[in-house]
Amino acid sequence: MNLRPEEISSIIKQQIERYDSAVEVVDVGTVIQVGDGIARVHGLEKAMSGELLEFPGGIYGMAMNLEEDNIGCIILGKFTEIREGDQVKRTGRIVEVPVGEAMIGRVVNALGQPIDGKGEIKTDKFRPIENIAPGVVYRKSVHEPLQTGLKSIDAIVPIGRGQRELIIGDRQTGKTAVAVDTIINQKGKDVICIYVAVGQKASTVAGVVKTLADHGAMDYSIVVSATASEPAPMLYIAPYSGCAMGEEFMYNGKHVLIIYDDLTKQAAAYRELSLLLKRPPGREAYPGDVFYLHSRLLERAAKLSPDLGSGSMTALPIIETQAGDVSAYIPTNVISITDGQIFLETDLFNAGFRPAINVGISVSRVGGSAQIKAMKQVAGQLRLDLAQYRELAAFAQFGSDLDKITQMRLTRGERMMEILKQKQYEPMVVEEQVVVLYAAVKGFLDDIPVDKIKSFEEEYLRTMRTTKADLLAKIRTEKALNDELNAEIEKAITEVKEGFLG
């Protein structure tokens, strides 16, 4: 092989020309302590609060405490693989999650990584988990209904698109069931649903995913899961990750429903992290900024103005109480942040009244303006009658001889309570709710025995769906009741009653 000197010199010249003298400067620190999802890192003097840090083995962390001589950071992954003395690099970025259409139908962890065994998620869009909530000028007041399919909610505590409505109650009172029913009811309504499971058993999350899949709801849903077996940092960031995924759709003019199940466990995880980071504890050992933990999350739910595409994100946070104590720290915080609350009671649940909603103390502060007119026309009277019934029922326990009007109100109230009962996974469209509640409010059920009310309702709805489908269609399109529609509804009720009572 002959090598000519001029050839060698030209190669050397090329190499000299290509030489790049740029030096990559990487800010590196050293792990001085690690454990329980927390690491303390020496160095990294220029690290920012909330910055993503890279540990060996592809594990990432997030800077939380910027102290004089070290940084306290939470580890987003297996902290057991990190050792003292390991090198940590700054990334110059903040924590982001993948977003977009590709996420729909998938089950992901708090970092947006798939955990459903269906392969990787093909998306090139990312959003930071922390984002500033839209300001007043970028919002529009809530005016469109978000139907849950549950009579007691849609009539008495209605929810609008862009609202934050808290679901609160003890364990085993059906909080998740209300949320899942609401997701199932969004089928065909062009609403993308996100279910964020925080600190739940993996088997419970699997059960919810199966239920959603069985009802065809995974076609428009994303499940973000941070189970009880995962480290506290994952439980802490999961709601923010779910919110970022929802914001991608909201800012593109779409409608989103997001459920945080539940924020009590997120607050407990944040308390754990804060105490491990040696932050000063406050009431119930929670850190001083636990209110901000939830307010900055829930304020991101909004109904956007037409200039920003008129998208919306409706949030249904769930809070678990202990023995019905809604005056505890976290429940009062979230009640004050949200636009209303749905109280679920153990006593009602055990008495067979499901969904176990206490309609007396449940409120919706903005949803009323989102109700369709037909529902407003029947629900106003329903709310009043139920309030009178509760008052009289408490009074009637002490005396037996009641006057006719009192007896009539008690009779009607019993039937109204019965008609508000509903089976799980059977959400009802709004026009059917209107005709059923119309029958109760106008006294058509007063002479039907209480134990026959549910079978009458089934018979009545069967007739409405088959022979009176045009009447339901009219209510759906006109969205209001007039004298003509009232007469048609009353005629239908009377016909069904005659056949039912025989």
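Cβ coordinates come from backbone N, Cα and C, glycine included.
The following features are taken from Swiss-Prot:
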BINDING   Gly169, Asp170, Arg171, Gln172, Thr173, Gly174, Lys175, Thr176  ATP binding site
SITE      Ser362  site 'Required for activity'
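What Swiss-Prot annotates, mapped onto the structure for a quick look.
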{"residue": "Gly169", "record": "ATP binding site", "DSSP (3 states)": "strand"}
{"residue": "Gly174", "record": "ATP binding site", "DSSP (3 states)": "coil"}
{"residue": "Ser362", "record": "site 'Required for activity'", "DSSP (3 states)": "coil"}
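The ATP site is set by Gly169, Asp170, Arg171, Gln172, Thr173, Gly174, Lys175, Thr176; from the centre of their CB atoms, other residues of the chain with a CB within 8 Å are Glu320, Leu344, Thr346, Phe349, Ala356.
For the pair Gly169 (ATP binding site) and Ser362 (site 'Required for activity'), the C-alpha distance works out to 11 angstrom. Under 8 Å, Cβ to Cβ, and six or more positions away along its own chain, Gly174 (ATP binding site) finds Leu344, Phe349, Arg354, Pro355, Ala356, Gln424.
A Cα-Cα distance of 15 Å separates Asp170 (ATP binding site) from Ser362 (site 'Required for activity'). In the structure shown, across all protein chains, Lys175 is the one of the binding-site residues Arg171, Lys175 with the greatest number of other Cβ atoms within 10 Å. Cβ packing within 10 Å was compared across the recorded positions Gln172, Thr176, Ser362, and the lowest neighbour count falls to Gln172. Rounded to a whole number, the distance between the Cα atoms of Ser362 (site 'Required for activity') and Lys175 (ATP binding site) is 14 Å. Thr176 (ATP binding site) sits 17 Å from Ser362 (site 'Required for activity'), taking the C-alpha atoms as the reference points. Reported as a whole number, the C-alpha separation between Arg171 (ATP binding site) and Ser362 (site 'Required for activity') equals 18 Å. Rounded to a whole value, the Cα-Cα separation of Thr173 (ATP binding site) and Ser362 (site 'Required for activity') is 15 Å. For Asp170 (ATP binding site), other Cβ atoms within 10 Å of its Cβ number 18. Calculated from their C-alpha atoms, the gap between Ser362 (site 'Required for activity') and Gln172 (ATP binding site) amounts to 18 Å.
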